Structures are given as structure tokens and as C-alpha cells.
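Trainee: I'd like to ask you about the structure that follows.
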């Protein structure tokens with residue numbers, strides 16, 4: 001449906017089951033042009049060591065015509081918006097996603113969750129907030145969407161939230177999509193794949209977007225060029241190899 005997927009996990013996050021090579025093969029099969037590997041930040045119990053992220057610099061940029069972005073799904077750690085990505089990790093990464101995960105930041109009341117998420121958005125360190133519609137972490141959706149639009153941060157619609165994880169996310173995600181639409185911000189679609197078989201599956205995301213008449217021109221996944229322009233506007237250096245995507 002879209003040629004870009006921005007959220008997936010490899011065997012480096014040990015509750016996932018596919019390798020980088022598996023994802024490349026599946027991307028070729030499905031016509032995915034660009035994807036981001038976003039294993040969990042090191043504060044999660046089964047996450048890779050921070051060296052894993054630093055060493056992503058050895059990855060090729062293109063394999064058989066498929067572009068690979070070096071990313072992380074970092075953890076929001078506290079109400080100050082600190083994340084478990086720092087120092088040399090930033091130097092090796094193209095894409096920083098951050099979100100709430102219970103082993104790192106336990107669910108709080110709506111005010112506290114909102115404060116932590118807005119602080120993360122405003123930090124300038126994050127490109128995308130993952131699964132902001134998680135019902136375990138209620139937030140002030142309009143305030144989050146307005147902050148994200150102001151700071152040029154995308155809010156994710158996460159396909160896995162409607163299938164395997166975060167049950168009860170539908171109403172919240174419709175509210176997120178509508179609030180982003182009204183604020184003039186961006187959404188990012190993520191399969192949140194933990195196995196390569198679901199790479200590029202945005203079927204449930206599309207239902208959410210259609211329900212609120214979300215504009216296609218505010219979806220980052222529409223083309224590699226749109227996503228790369230967004231990242232470059234946030235400071236990522238152009239990647240010459242991606243010019244052919």
C-alpha cells in the first residue's frame with residue numbers, strides 16, 4: 001500500500017523473530033522501497049546493548065535497491081522527556097522513535113503522561129512518537145498533536161495496535177489522527193513488525209485514516225522522497241545512495 005515502513009524489530013530485540021536480511025528479502029517481494037529498523041532502546045529488558053545502535057554505521061545503505069534506515073524505538077523515561085538514546089548513538093542513527101513502554105515508564109494519570117510526551121516532543125531529539133493512542137497511557141490528544149505539529153514531530157498510527165498489542169486503541173487512534181489533521185501535522189505509519197511477514201502491512205492504519213478523512217499529503221510513508229525530506233528538514237544529512245529510490 002505504501003512503499004515506506006518506519007517501525008519494525010529484529011532478533012536483536014529478543015521477543016522478535018526476523019533478521020535484517022529477512023526484512024530485505026520481504027521488502028523486495030512486497031515492493032517496499034525504504035524501511036527503518038527500530039529495535040527497542042537499551043532500557044527495555046530484552047533490548048540490544050547500546051553498541052548495537054552505534055555499530056549500525058557499518059550497514060549498507062542500499063541492498064538490491066532497498067533502502068535501509070538506521071533507527072531506534074527509544075523509551076520515554078520520565079516526565080522530563082528523557083529517552084534511552086544518547087551520545088554516540090545519535091551519531092549513527094537516522095530515525096529516532098520514542099514511546100511509552102511499561103517496563104521503563106509505568107502508566108500514570110493523563111496529566112503526567114501528557115507532560116512526559118510533550119517534553120519528549122519538545123526535546124528536539126525525536127522524529128516520531130510511537131503508538132500515542134495506547135489506552136494504557138491516556139493523554140490530552142489535542143495538546144499532543146499541537147505540540148507535535150509545532151516541533152515537526154510525527155505521531156504514529158501503529159498497525160500492530162489493532163491486531164496483537166494495545167487492545168482498545170481504535171477510538172484513541174482515530175482521535176489522534178483527527179487531532180493531527182486539525183493541527184496540520186504529520187502521521188507516520190508503522191507496521192511494528194516483530195516478524196518480516198507483516199512488513200508494510202498498514203491495513204488497519206488505513207481504516208483509521210479513512211474514518212477521519214486524513215489528508216494523503218500529511219502521511220510520511222507515501223514515498224521515500226517525502227520521508228527523506230522530512231528527516232533532512234530535521235537535520236539528517238542527505239544520503240547519496242538514496243537518490244535512486
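Cβ coordinates are placed from backbone N, Cα and C, and glycine is handled just like the others.
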Trainee: Among 182, 192, 201, 210, find me the residue Swiss-Prot lists at the same Zn(2+) 1 site as 7, 9, 73.
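Mentor: Swiss-Prot names 192 for this Zn(2+) 1 site.
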Trainee: Pick from 164, 194: which one does Swiss-Prot list with 15, 40 for the same Zn(2+) 2 site?
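Mentor: Answer per Swiss-Prot: 194.
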Trainee: Among 49, 131, 151, which residue does Swiss-Prot annotate as binding Zn(2+) 3 at the site that also has 73, 101?
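Mentor: Record check against Swiss-Prot: Zn(2+) 3 site with 73, 101, extra candidate from 49, 131, 151 is 131.
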Trainee: Where does residue 9 (Zn(2+) 1 binding site) sit in DSSP terms: helix, strand, or coil?
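Mentor: Where residue 9 (Zn(2+) 1 binding site) sits, the three-state DSSP reduction gives coil.
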Trainee: Between the binding-site residues 7, 9, 73, 131, which lies closest to residue 40 (Zn(2+) 2 binding site), Cα to Cα?
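Mentor: The smallest Cα gap between residue 40 (Zn(2+) 2 binding site) and any of the binding-site residues is with 73.
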Trainee: Compute the C-alpha separation of residue 7 (Zn(2+) 1 binding site) from residue 194 (Zn(2+) 2 binding site), stating it in Å without decimals.
Mentor: 9
